[in-house]
């Protein structure tokens, strides 16, 4: 995939109507935004376009309204908060059909530097099916398209891909540019040693990632629930731990592939276990890889955490996707904390692949110590799998 895409700085936007696909899919509680990270992330692109005298038309989805208007998924709270953040009124075009009379009038009345926000794009059932009718309507409002929503770049929707069939100028915003720089470099030309850490519950979610990364990394670290399927593949007992029986054979193949490729594949050598999945369960540390009958693994053990941390400390590039244990339970958060600490203390390029690992790093307060925290869980995974992301492929090459 070609990651060398035109950015907003490569196009002349003065006086032009610029449709910007943002990721404003933020959590709401009683109409109040509870996590503003995605709004903050969008500001550099919006401010640049304002300074350059563009007419800025923002669009985004929120949640899953499934093709019909749902008041609780309206982008009105986003318009209000953005107005405060930008010190400028963001006009909210509240049309149930997204591109309706309000939107058309608001866009018609725009002056250079003005900002309009359209209603939730997923109010339209055509959006997720990438149907031409809605793509055309969105494109009819603008002269130029800018995609700055990495979180949905792996989806071919009207507002990420369809509009580019009708707007010949299509570039990426600063957020996507940053994602492409860090993730692209890690996958294409990493500074070595290159260490990747994969955690989370399921091997099946990460099958292609494991396979693709074994062709690229020097060390691959496996933790979290998926570690137990690998332990079983090595012939250890895993008690009542999470296991995907149908992936044991695949795990064996990956262990063999790592040997063939000369990749250092690190798997748990001890575990923190309990007799039930409960935040108040008493943690027990196993002596080795084996987990006794009646117990389930809920975190990597201290010896494993030390080995993983040492591998991270010797790296020049580290990519991490997925926690090492049930980090929501204090007794089983230590593995994730140790990995996060090792990355925070490292001089390497450290990249967090969105989703649960990003949440863990931010909750633990290590966010500022990482080189890059990806804004897209699913998108960053597909990127690490080596897949082409349709929302990026659709943009103009440099």
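Positions of Cβ are set from backbone N, Cα and C atoms, glycine also.
Annotation comment: Swiss-Prot describes 23, 24, 25, 38, 61, 62, 63, 64, 122, 155 as substrate binding site. Annotated ATP binding site per Swiss-Prot: 206, 297, 328, 354, 355, 356, 357, in sequence order, evidence recorded as sequence analysis.
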Please report the DSSP secondary structure of residue 122 (substrate binding site), reduced to three states.
helix
Lowest 10 Å Cβ neighbour count of the binding-site residues 63, 297, 354, 355 is held by 63
Name the residue among the binding-site residues 328, 356 whose Cβ has the smallest number of other Cβ atoms within 10 Å.
328
DSSP-derived class (H/G/I helix, E/B strand, else coil) of residue 355 (ATP binding site):
helix
Give the distance between the Cα atoms of residue 25 (substrate binding site) and residue 356 (ATP binding site), rounded to the nearest whole Å.
16
Students should find that the Cα atoms of residue 122 (substrate binding site) and residue 297 (ATP binding site) sit apart, in Å rounded to an integer, by 40
How many whole Å apart are the CA atoms of residue 297 (ATP binding site) and residue 61 (substrate binding site)?
38
Cα distance, residue 354 (ATP binding site) to residue 23 (substrate binding site), nearest Å?
14
